[in-house]
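Annotated in Swiss-Prot:
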ACT_SITE  HIS451  active site, for 3-hydroxyacyl-CoA dehydrogenase activity
BINDING   ASP296, ASN501, TYR661  substrate binding site
BINDING   MET325, ASP344, VAL401, VAL402, GLU403, LYS408, SER430, ASN454  NAD(+) binding site
REGION    1-189  region 'Enoyl-CoA hydratase/isomerase'
REGION    311-722  region '3-hydroxyacyl-CoA dehydrogenase'
SITE      GLU119  site 'Important for catalytic activity'
SITE      GLU139  site 'Important for catalytic activity'
Amino acid sequence: MIYQGKSLSAQLLEDGIVEFKFDAQGSVNKFDQATFEEYIAVVAAINNCSEAKGVIVTSGKSTFIVGADITEFLVSFSQPEDALASWAKKASDVFDSFEDIQLPTIAAINGIALGGGCEMTLACDYRVAATTASIGLPEVKLGLMPGFGGTVRLPRLIGFDNAATWMSTGKAFKPAAALAQGAIDAVVEPENLQAAAISMLKLAIDGKLDWRAKRQPKLEALKLSPTELIMSSTTCKGMIAAKAGKHYPAPMVMINTLIASANLDRTGAMAAENTGFAKLAKTDAATAQIGLFMADQVIKGKAKKASKLATKAVNKAAVLGAGIMGGGIAYQSAYKGTPIIMKDINDQALDLGLTTATGILTKQVERGRMNAKKMAGVLNNITPSLSYDSVKDVDIVVEAVVENPKVKGMVLAEVEGVIGEDAILTSNTSTISIDLLAQSVKRPQNFCGMHFFNPVNKMPLVEVIRGKDTSDETVAAVVAYAAKMGKSPIVVNDCPGFYVNRVLFPYFAGFSQLVLEGADFTAIDKVMEKQFGWPMGPAYLLDVVGVDTADHCTGVMSSGFPTRMKKIDNDPVSTLYANERLGQKNGKGFYDHIKDKRGRPMKVPAPVAYELLGQHCADKKDFSSEEIIARMMIPMVNEVVRCLEEGVVDTAAEADMGLIYGVGFPPFRGGAIRYLETLGLDNFIAMADKYTDLGEIYHVTDGLREMAKSGKSYFTTDVKLA
């Protein structure tokens, strides 16, 4: 052993081969400050070992290296930009020092090699991957770019265009694809990885492979003519501008860095990377996207903990109500491996549910993501039934019948009489109080809400709603089942609208007030989509949700919060609903939903909608983009703050992820609380105070004012003030 640290070691094997092993004390290998310090020591030990003839880099984990420890490096990100660039240089210098070892080097990639893990392999002369490995540079998903030499080495290995694609998409590549592009040199079965890597390394040691020639291009400028560089850069920039847009700066900064460093040697190119990395790390988008990554880890961590605490395992499920929603729930459960009974009262409904599941699966097969055998296996996990007897042995029931408290209560009471006493009963409801529904069951401790979002197979969020009598064991089991289904569960306490709908409808109220004052709904949509970043503006979103559904939810929210969310007179949503303009579901809402010449769906502003709304709205008035954004977002942010203060949702991280996963809040803004803190609490309060005459939804809470006064952050403070 020539070096032994807590995470890294270097051992001299036979024939002068040094095994440089990453084997951290935790579950995965990642780059943190302690690992960097050991990395420097390993390089020194190898350089001082006179018997060393070559180096193989290995992992003692099932993964290779998952990347950098972003939680630790966030402290460095708080530095000024020039200091951050210096920090990035120190980190990338460590990789350079390894690459400069005057011995052949090879990486034996046994599993995931992402971010810094991928960059570790790029610093080697050769790369051999197991068939189970994956490799990529996903930093763009955090609003960042590679910072350990990825922008320098990858384009010199696989070419400008391929490297631009790798980095701007953040995609992880399977070994075969990486091999075809030249990112790795061989692919072998996992059991042969070590032997294959050592065999290739010996060829390099013996001079049968020219490792110096293999390394040299990574130290020089790219082999591109001026014309080739112009063509490649123009194409890449055009594609990125179209896909990423103005709100996500990382892809364009990466491409500009590649362009700037194309004619530079490693030293110059590294300096360009250090500068670009520091620039991106200081952007609001990076702060937001890193925050989302960490929030997602919070949710996953809670789900993992729930899985360990759950005393009731869910091995068989049932869904009551086989409509589109029931079919989607059945598909998701079956697809992720939990057999499910799909029960309804008539064959037509069962056919609809099966058609929904089959349609989702067929698309998977058509896109090459699933074969026919897998599709058949998933369908075999779904058992349609007209009888309650079929569900008597299930571990969990998801009731998904019509959104009517009387109907739901009746169905819940019926099925509770059939299932086992320790079976869990849940209701997929978007608005009906769980405590109200619990009055229909005899074992309320085994009952909670399980709010899926449509379409179930695409929307990640599930709200697990705790009633006043719901047991911790029930919550843990349902969270574990949702996670098993591949969903991101967030536990919320029962209240009107739960969490997502409760904070969404004040946003819709802001929209309705603007329209009544003369704003054009298409202008509002344009501002909220193009400038704020929502995937759909409020009018379009209402059409997609369903104008009838939105009108119903507005009534629920009005009953629950009669002062703050009282029904708006001549609400545009109610006006359209009264005239049977239900949105996308019947082809007419704020927009007319038609098909273009190629048969693709499209929307056009509906003249009839303008006519109907004009009967109650003020004359047309133009509002500035700033005012539209303020009047739309203040009510939502205020309601999220109230939910945190009341303990409806536990943490700011979960509050933000609920909006990202549930309604498509722009990820580059990081969620409502991240948006609030990016604006600055004092600035938000000053903005909201301008609109207090518009109603209580624009009034900030005393708790928010106290947070601003004390300079606290919602991400580091217990905010349950109510």
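Placed from the backbone N, Cα and C atoms, the Cβ positions cover glycine too.
Shown here: features listed in Swiss-Prot, placed on the structure.
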residue : record                                                    : CB count, 10 Å
GLU119  : site 'Important for catalytic activity'                   : 28
ASP296  : substrate binding site                                    : 17
MET325  : NAD(+) binding site                                       : 23
ASP344  : NAD(+) binding site                                       : 22
VAL401  : NAD(+) binding site                                       : 23
VAL402  : NAD(+) binding site                                       : 10
LYS408  : NAD(+) binding site                                       : 23
SER430  : NAD(+) binding site                                       : 21
HIS451  : active site, for 3-hydroxyacyl-CoA dehydrogenase activity : 23
TYR661  : substrate binding site                                    : 24
Response to the item:
Fewest neighbouring Cβ atoms within 10 Å among the binding-site residues ASN454, ASN501 goes to ASN454
Worksheet item: Out of GLU139, GLU403, which of the recorded positions is least crowded by other Cβ atoms within 10 Å?
Response: GLU403
Worksheet, complete the sentence: Taking every pair from ASP296, ASN501, TYR661 (the record's substrate binders), the biggest C-alpha distance in Å rounds to 20
Worksheet item: Rounded to an integer, what is the Cα-Cα distance in Å between ASP296 (substrate binding site) and ASP344 (NAD(+) binding site)?
Response: 35
Worksheet item: Tell me, what is the mean pLDDT of the region 'Enoyl-CoA hydratase/isomerase' (1-189)?
Response: 96
Worksheet item: Closest to ASN501 (substrate binding site): which of the recorded positions MET325, LYS408, SER430, HIS451, going by Cα position?
Response: SER430
Item to complete: Determine, from DSSP, whether HIS451 (active site, for 3-hydroxyacyl-CoA dehydrogenase activity) sits in helix, strand or coil.
Response: strand
Discussion item. Quick check: of the recorded positions listed here (GLU119, GLU139, HIS451, TYR661), which one has the Cα closest to that of VAL401 (NAD(+) binding site)?
Written reply: HIS451
Worksheet item: Which whole-number value in Å describes the distance between the Cα atoms of MET325 (NAD(+) binding site) and GLU139 (site 'Important for catalytic activity')?
Response: 35
Worksheet item: Closest to VAL402 (NAD(+) binding site): which of the recorded positions GLU119, HIS451, TYR661, going by Cα position?
Response: HIS451
Worksheet item: Compared by Cα position, which of the recorded positions GLU119, GLU403, HIS451, ASN454, TYR661 is the closest one to GLU139 (site 'Important for catalytic activity')?
Response: GLU119
Worksheet item: Quick one: largest C-alpha distance among MET325, ASP344, VAL401, VAL402, GLU403, LYS408, SER430, ASN454, binding NAD(+) per the record, in angstrom?
Response: 20
Practice prompt. Kindly assign GLU119 (site 'Important for catalytic activity') to one of the three DSSP-derived states: helix, strand or coil.
Written response: helix
Worksheet item: Taking DSSP three-state, what's GLU403 (NAD(+) binding site) in: helix, strand or coil?
Response: coil
